Amino acid sequence: MNISASQSALDFAGKGAERIAELFYWMTGGAIVIWIVVIGLAVYAVMSRRAHPVRMTHWLVIGGGAVIPTITLTALLSYGLAMLPELQEPAPKGSTTIEVAGVRWWWRVNYLDPSGGRIVTANEIYLPVDQPVEFKLTSEDVIHSFWIPSLGGKIDMVPGRTNRLKLHPTREGVFHGVCAEFCGEAHAQMRFRVVVTDQNAFDEWLETQSQASKSSSEMAEGEAMFLSRGCSACHTIRGTSADGMVGPDLTHFGSRLSIAAGVLDNTPQNLARWLVDTHGVKPGVEMPAFESLSGEEVDTLVRYLGALQ
Amino acid sequence: MNESAERLLKAWRTPKGWRYWSAVNNSKIGLWYTITAFGFLLFGGLLALVMRIQLAFPENDFLTADQYNQVFTMHGSVMMFLFAVPILEAISILLLPEMMGARDLPFPRLSAYGFWAFLIGGVFVCGSLFFGAGPRGGWFMYPPMTTQYQTGVGADIWLLGLSFIEIASIAAAVELIVGVLKCRPPGMRLNLIPLYAWYILVVAVMILFAFPPLIAGDLLMELERALDWPFFDASRGGDPMLWQHLFWIFGHPEVYIVFLPSIALVAMIVPTFARTPMVGYGWIVLAAVGTGFLSFGLWVHHMFTTGLPGITIGIFSAASQAVAIPTGIQIFCFIATLLVGRVTRSVCLLFVLAGLATFIIGGLTGVMVAIAPFDYQAHDTYFIVGHLHYVLVGGTIFPIVAGFYYFYPLITGKQLSERLGTIAFWLMMIGFNVSFFPMHITGMIGMPRRVYTYPAGMGFDNLNLISSVGAFVLAGGFVVFLWDLLRPKGGQPTAPRNVWNAGTLEWLAEVPDQPWGVRSIPIVESRYPLWDQENFVRDVDEGNFYLPDAEEGLRETLVTSTVEATPIQCLRVPGPTFLPMWAAAFTGGVFIFGTFHWYIMAGVSGVLAFFTILAWLWTGTAIIPEKTEKNVGLGLTLPTYVSGPAAVGWWAMFITMLGDMTAFMSLVFGYFFYWTVHEDFPPKDVEGPGVLWPLVSVFCALAAWGLMLLSRKLNSRKNGSLFYVSTLTSVLMTFAAAGALIAGPWLHNMDPTEHVYQASVCVLVLWTVIHLALGAVMQLYAVARRAAGKMTHRFNADIVNVTLYWHFMMLTAGITGLTIALFPLVS
């Protein structure tokens, strides 16, 4: 698996992640100091051959157990909670708004068009750099949690509710997102990719996503097979008669970086493997394995899907 | 051995042969309980090793995803429900009476019942793993995954098997609360009781209020799984968040429930090795009580990422910080004690220090994750796995190991090896830190929890391999420790009495130990009587204090007043019997057969359990003594039979009902939770139970309750006829109350599977009707007792306790009736 992308909360590329990383380093430093002092004292107490007066230790208990912790914790709370409003405030009106629904075990992604329409994709999110983005997060089955560590904190996707999250990427690149709440058998493989680009590239990408797939004569055979083999019962490819809603929209599948919700890089070999050994790649997944396809048929489908740019 | 000692020994002797298992004395039950809980620790540890093998390498296929999910679910559940809570109850059952110079806990049969229930339930839950049928929803079991997306019996095994064990835990908590409050030696005022007993009191009260919300949650979830009542189904008005609230109202106090008793062990060990009384006794008690209170106000910090409003998050963030203060005070009191004294070094103390050093790291990372913004990143990652293991291993397991080294000679008469102990210490310390410290980093660089594998090349590979290696080193430490416990010690000299030269009462135990606990029950004037009171051991041994004899051949111990510990009763406690074992087996049957939907078997098992428990109560409680008072020594004469608040039975009923009310209030909380969170509750177009029938029910319950008050009064007449009339009329009113309560939803065709509103009403009705049925059984029991001459106008404990039940019954029936009848009108 080709990983140049980051999944680290400390390798930050977003405003939220940056603030939280800073908080993390401060707290870690403080914790180390406190630990050394307390343990040093305990070791001294055990090693020391001298019996210390009881009166003195009363001050120790009050000072070390109550006064110093109260001061430290108050300072920490003021510093830590002060960043809460900033992290929680919604993105300004007019920001890119993206609806993401968690589905066992993939992500349904809709970009809200300012005109009110929805631009549908799945398992991959493009974001413009240096722009706040508003997410509206739901679940279609169990509880999931939407997390892009390099950009900011996570928030759960709870059935019956819509949670929101603002992210503000500050650096271009490809990042990993994951489901952080245990959601069943393939929880470990519920992943996605996030591509942060400049505004132009983003607009271009979104424009492409909003269109139906282009078809050509070379694709006719693959399209026919996609429809006849039952793929269209679950998957939509706009511009064809495939309009299934159960699985991810595949209209621009060929342009995506990964398959099976961030599990495999999108290469022809991996795609062929996925079609035949579906449950070997991702145990528990709802998609049936198409073992009955001949090698040639697999090639045809792989070529077709790859051409869906 | 003189005559009186022989009589005493005869009364307390443990049965031999197969009858050995009928023992109910705390020293036997406590020992079996401890061994069983320790066995589950080892099992949970093996599961952890299996996980670490799977995670040692990226994309490993040692386990399948489904197997891994079962293993991690069971690891968490076993460690929390079958090890951490039971071991503290086990150690307390074993040692608490010794620390208070009591011969036994007040309800030996209840301890025995709790033990057998724990053993049966624990084996059942763990066994499921070997049939691939284990629960696979995590130890937190979040719906709707566990309600709508997991078929098979795994989730039911978790819900029913563990509910059964939780009930046993509550039984033990009742026992321990009454034990601490009523079974102390004369003179041991509240400010003299050993710190261990204070901690256990706090913890037992916490169990009493923390477990019932979980049991209520289990009930709701099982009703959804078995009968499709949609409590957590958003499409029918339910809400998965209700489970999270109920689970974490239990789950957060749970952390302190397992942590405080281990600190309690530390609080016994530290003064002994510092050779000085604990510094800041009062502060420690206040801190323990404060921790207990605060721990109930923190649960939302497990839910920071669920989308709650900022103000809620801020408040719970601050409250979570606050709990660090009482914890800090306790730690500094221990350090202060070590400073004041001249410390004798030993393996015990090494493990105490290991616990301290480890726990403080867990506490500090705890403060970090309590700051909500940081939790947004850390939540559900390996950072949390690291944090919680530093808390639980440092705060629970290391102190317990220290406790094993400390108390082993008291129980077996032989000391553990300092040399092996030192080896085990270093292996455990190094192994633990190598395994768990890297997890903080693994989490920060983005690895989520509860994943059965991870992709290669993300930076997770080496850290996970290191963690896995560390886990095996840690396991090696446990192997050495286990060998030290089990190795034959025949050639080793017996340990001297009071081997550590400690100051508290449990060290009165003779070597080899005698089943009577203490030769005579002493008068206590100090926190460390063995250090401070002159000729103390000699006076105890010579039988110069209370109850040095068992003239009637009965097992007896003293009951004292709650605050001042002045003697108020000579309590006869029951001896060996198999009844609790059978009662536990049959109650277990109800839960186990219920899991597989074998309802006929479950019903038969339930009936058998019912009659076994009746037989147990009939033969073992409120027995009319052959003489009303007796000389317990030192010229003191005490009654042998008391009722009302002076009696331990009354306290047990009162405390049990507090727990019961907590479970009930959790269900009521559910009803109002839906109303607060959802605009369509109650839904406009749905008919409720109406006003008439629920109010009729409240009225009938009121009448039944009033008649019970009357019956209690009438029972004091020599002629019982009016008592019978009143009580039997009350039974009729009870049935009427139940009937009217059912009539409301029944006549309005409320279908509990349709919407959560109907389900919420029906579950309150169900709960109340079951309690009314139980109330009727108790009323009839009182009638039967009087008719059989087991209860008289003077010996009235049964009717007093039944009436006490009815006070709570009235509250339950009243709240249910008024809520379901009137609330739809005002909402």
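Each Cβ is built from the backbone N, Cα and C atoms, and glycine gets one as well.
These features come from TrEMBL:
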type	residues	note
DOMAIN	B:12-515	domain 'Cytochrome oxidase subunit I profile'
TRANSMEM	B:29-51	transmembrane segment
TRANSMEM	B:71-96	transmembrane segment
TRANSMEM	B:157-181	transmembrane segment
TRANSMEM	B:255-274	transmembrane segment
TRANSMEM	B:281-301	transmembrane segment
TRANSMEM	B:313-340	transmembrane segment
TRANSMEM	B:347-372	transmembrane segment
TRANSMEM	B:384-408	transmembrane segment
TRANSMEM	B:420-445	transmembrane segment
TRANSMEM	B:578-600	transmembrane segment
TRANSMEM	B:756-783	transmembrane segment
TRANSMEM	B:804-826	transmembrane segment
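In this chain, the transmembrane segment (B:313-340) lies close to the transmembrane segment (B:255-274): three or more C-beta pairs between them fall below 8 angstroms, excluding pairs fewer than 6 positions apart. Between the transmembrane segment (B:384-408) and the transmembrane segment (B:281-301), the number of CB pairs under 8 angstroms, six or more residues apart, is fewer than three, so the stretches are not in contact.
Confidence for the domain 'Cytochrome oxidase subunit I profile' (B:12-515), expressed as mean pLDDT, is 95. No contact links the transmembrane segment (B:578-600) to the transmembrane segment (B:71-96), because fewer than 3 Cβ pairs that are 6 or more residues apart lie under 8 A.
Long-range neighbours of the transmembrane segment (B:157-181) within the same chain, counting only residues 6 or more positions beyond its ends whose Cβ lies under 8 Å from a Cβ of the stretch, are 73, 77, 81-82, 85-86, 89, 92-93, 96-97, 100, 102, 105-107, 110-111, 113-115, 117-118, 120-122, 124-125, 128, 133-135, 137, 141, 193, 197-198, 200-201, 203-205, 207-208, 211-212, 214-215, 218-219, 221-222, 225, 562, 584, 587-588, 591-592, 594-595, 648, 651-652, 655-656, 659.
With a threshold of 8 Å between CB atoms, the same-chain residues lying at least 6 positions outside the transmembrane segment (B:420-445) that come near it are 52, 347, 350-351, 354, 358, 365, 377-378, 381-387, 389-390, 393, 398, 401, 405, 458-460, 463-464, 466-478, 480-481, 483-484.
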